[in-house]
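Engineer: In case it's useful when we look at the structure, here is the feature table from Swiss-Prot:
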- 41: active site (ACT_SITE)
- 87: active site, proton acceptor (ACT_SITE)
- 44, 83, 488, 525: ATP binding site (BINDING)
- 85, 526: Mg(2+) 1 binding site (BINDING)
- 86, 87, 88, 89, 108, 232, 304, 305, 306, 528: substrate binding site (BINDING)
- 109, 260: Mg(2+) 2 binding site (BINDING)
- 212-232: region 'Disordered' (REGION)
């Protein structure tokens with residue numbers, strides 16, 4: 001076979017392993033099946049040994065990692081279903097379809113579990129939009145997400161977007177979907193019942209996306225442009241029909257098991273379901289509805305055509321299934337049956353064209369513990385001499401520059417393209433600390449966020465990853481939600497490089513430590529490696545998707561200033577940390593220093609305090625202090641509430657560091673004057689420092705530091721800078 005396995009991404013050792021499993025050389029169809037199932041994208045062969053360190057158990061966990069999505073109990077016989085996935089490589093090549101099918105795929109993962117999807121979030125990373133290609137990627141990724149979500153009628157309620165040089169040419173598109181299901185109606189992908197029919201439902205099968213999973217397990221290069229056929233094409237209207245047909249099907253007792261067809265198409269759905277159930281499956285390819293003529297067994301088994309599901313049905317119920325799908329104008333074809341021998345047997349024209357043990361494709365995939373070493377530049381990049389950072393003269397200009405930086409400026413240009421109000425349950429819309437979606441027929445709501453500062457993770461993956469978890473949990477607490485579960489998307493470079501494996505390992509350890517401390521289980525997730533462009537890796541970017549529970553939706557809090565004369569209080573301690581900060585990057589062009597330190601116990605106390613203050617109705621607004629420090633948080637709350645602020649700070653720090661330090665575990669709250677003493681007392685009981693720093697008043701932002709006026713600007717001037725930046729960047733030539 002002239003080492004064709006290498007072209008399919010398999011190593012010589014892996015090929016030898018396949019021969020020893022089968023006791024013979026594989027044919028081309030079998031080789032294709034192994035190449036996709038043993039790719040990093042499907043097998044997690046470089047990350048699985050590390051992922052076992054993540055905490056996955058908890059009192060609310062109904063389903064942890066290993067199924068199509070994670071499931072958490074939220075009481076009242078309801079559960080929340082959540083998952084995040086990447087579509088980075090396809091989006092780099094064909095951004096519109098890459099992003100759109102990323103959204104389509106994650107939605108299918110949710111309704112496969114029996115849940116109705118209620119919200120989408122997207123976590124995006126791009127290069128600096130100062131060249132045509134980057135702008136093209138941004139425009140088309142956002143349009144792809146918007147069109148798919150808007151057409152299928154699921155609101156895109158939140159997410160996060162960062163712009164850094166390291167993502168140029170390799171953008172990150174991580175899509176998260178959340179659904180609600182009654183606990184006794186959860187569906188799983190565990191095939192059982194010898195002789196039960198296997199059906200493919202939904203769209204027809206074509207040649208799109210063949211080998212997409214293997215493609216997603218390689219570095220991007222000049223040649224990647226030629227791999228556009230590896231990018232699938234999505235049809236959101238077809239998916240809407242598929243969603244409704246599946247939910248109607250789940251109301252019957254016909255379904256034994258169901259799995260969506262994502263990466264590796266029919267191959268992965270068949271072997272994953274069979275191996276979970278300890279059974280085999282026989283598939284007759286002549287019965288698969290095709291949209292193109294002359295397709296080979298290899299092409300049919302590896303096609304990643306969208307909007308398809310594989311269903312194991314109770315014997316004799318085939319007609320019931322066909323009736324439902326016919327009503328919705330969709331295919332439902334019986335293509336095979338469950339067998340007792342543990343083999344995936346594929347038949348075409350009456351002949352066996354592939355026959356492999358199901359478990360050999362899934363559980364027996366190789367696993368690698370790679371060599372690691374600390375990157376040679378790591379110590380150097382952490383060094384920051386504060387004397388290199390001269391205190392600026394004009395602090396008004398600095399404040400304008402920081403809040404109009406790409407990472408802090410309003411992302412309205414992006415989210416205004418999304419319909420975030422469809423289904424009418426969105427309580428807190430994009431642009432706030434966390435999105436909130438109410439659950440119909442209850443007083444409950446779910447708060448959602450995605451977070452990760454890749455720059456911190458570049459400077460220190462262990463600490464940066466802890467901060468990503470802490471920031472996500474803090475964002476949920478700011479709206480009054482108790483964090484209940486994590487879904488993570490680990491975006492890294494090539495793990496075969498020792499420095500990258502070191503980043504991946506330390507990042508996972510950091511996430512594990514933070515999740516254990518906060519007692520938040522990781523219930524699902526995704527790993528995306530080989531994110532490199534012309535040999536340069538992206539910043540390590542472990543995106544944390546998190547859900548929080550609000551028992552009473554009337555008690556939520558938001559970040560906008562509400563009332564004149566309210567007292568502004570900072571919770572938490574400013575340690576004067578500008579390493580890795582937005583201030584350092586924007587005003588001095590530096591990405592260096594230690595990222596802010598994080599004390600997880602202090603963070604926990606802050607979060608518990610804010611939840612108590614919100615629950616008891618003692619505060620009028622709350623906003624976490626993160627990128628851009630106190631000054632950015634102040635301006636964001638002021639803009640959101642259309643009210644100015646007068647601030648007076650006493651500090652031993654330099655004025656610029658006091659304002660723009662990104663020290664963790666801090667929040668900005670506003671309190672009615674008569675409640676201030678009670679708030680300070682409760683903060684003291686929680687051992688959280690609390691400092692009165694000013695009042696909400698007027699239409700200007702005025703800041704005095706140690707008695708000296710440092711900043712005095714009309715809010716509308718700041719708002720203009722903050723609101724207009726991304727639109728301006730995207731429209732200029």
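In case you wondered, yes, glycine gets a Cβ from its N, Cα and C as well.
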Engineer: Residue 83 (ATP binding site): which of the recorded positions 41, 108, 109, 260, 304 is the nearest Cα neighbour?
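Structural biologist: The answer is 109.
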Engineer: Please state how far apart, in Å and to a whole number, the two most distant Cα atoms are among 44, 83, 488, 525, the recorded ATP-binding residues.
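Structural biologist: Across 44, 83, 488, 525, the widest Cα separation comes out at 16 Å.
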Engineer: With a radius of 8 angstroms around the mean position of the C-beta atoms of 44, 83, 488, 525, what other residues of the same chain does the ATP site pick up?
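Structural biologist: Output for this site, in sequence order: 51, 65, 84, 85, 487, 489, 490, 522, 524, 526, 527.
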Engineer: Distance between residue 109 (Mg(2+) 2 binding site) and residue 488 (ATP binding site) at the Cα atoms, whole Å?
Structural biologist: 15
Engineer: So for residue 260 (Mg(2+) 2 binding site), how many other CB atoms are inside 10 Å of its CB?
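Structural biologist: Counting Cβ neighbours of residue 260 (Mg(2+) 2 binding site) within 10 Å gives 26.
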Engineer: Can you tell which of the recorded positions 41, 44, 488 lies nearest to residue 88 (substrate binding site) in space, using Cα positions?
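Structural biologist: Nearest listed residue in space: 41.
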Engineer: List, in sequence order, those recorded positions among 44, 87, 260 whose Cα sits within 10 Å of the Cα of residue 108 (substrate binding site).
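Structural biologist: Near residue 108 (substrate binding site) by Cα: 260.
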Engineer: Minimum Cβ neighbour count within 10 Å among the binding-site residues 88, 306, 526: which residue?
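Structural biologist: Lowest Cβ count within 10 Å among the binding-site residues (88, 306, 526) is 526.
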Engineer: Substrate site residues 86, 87, 88, 89, 108, 232, 304, 305, 306, 528: biggest Cα-Cα distance, Å?
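Structural biologist: The widest Cα-Cα gap among those binding residues is 21 Å.
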Engineer: At a 10 A cut-off on CB-CB distances, which of the recorded positions 83, 87, 108 has the highest count?
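Structural biologist: By the 10 Å Cβ neighbour count, 87 comes out on top.
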Engineer: Would you kindly give the Cα-Cα distance separating residue 41 (active site) and residue 306 (substrate binding site), rounded to the nearest Å?
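Structural biologist: Computed Cα spacing between residue 306 (substrate binding site) and residue 41 (active site) is 17 Å.
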Engineer: Taking the Cβ of residue 86 (substrate binding site) as centre, how many other Cβ atoms lie within 10 Å?
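Structural biologist: So the number of other Cβ atoms within 10 Å of residue 86 (substrate binding site) is 26.
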Engineer: Tell me whether residue 87 (active site, proton acceptor) sits in a helix, a strand or coil according to DSSP.
Structural biologist: coil
Engineer: Output, ordered by sequence, the same-chain residues six or more apart from residue 525 (ATP binding site) with a CB under 8 Å from its CB, or 'none'.
Structural biologist: 51, 65, 83, 84, 486, 487, 488, 489, 490
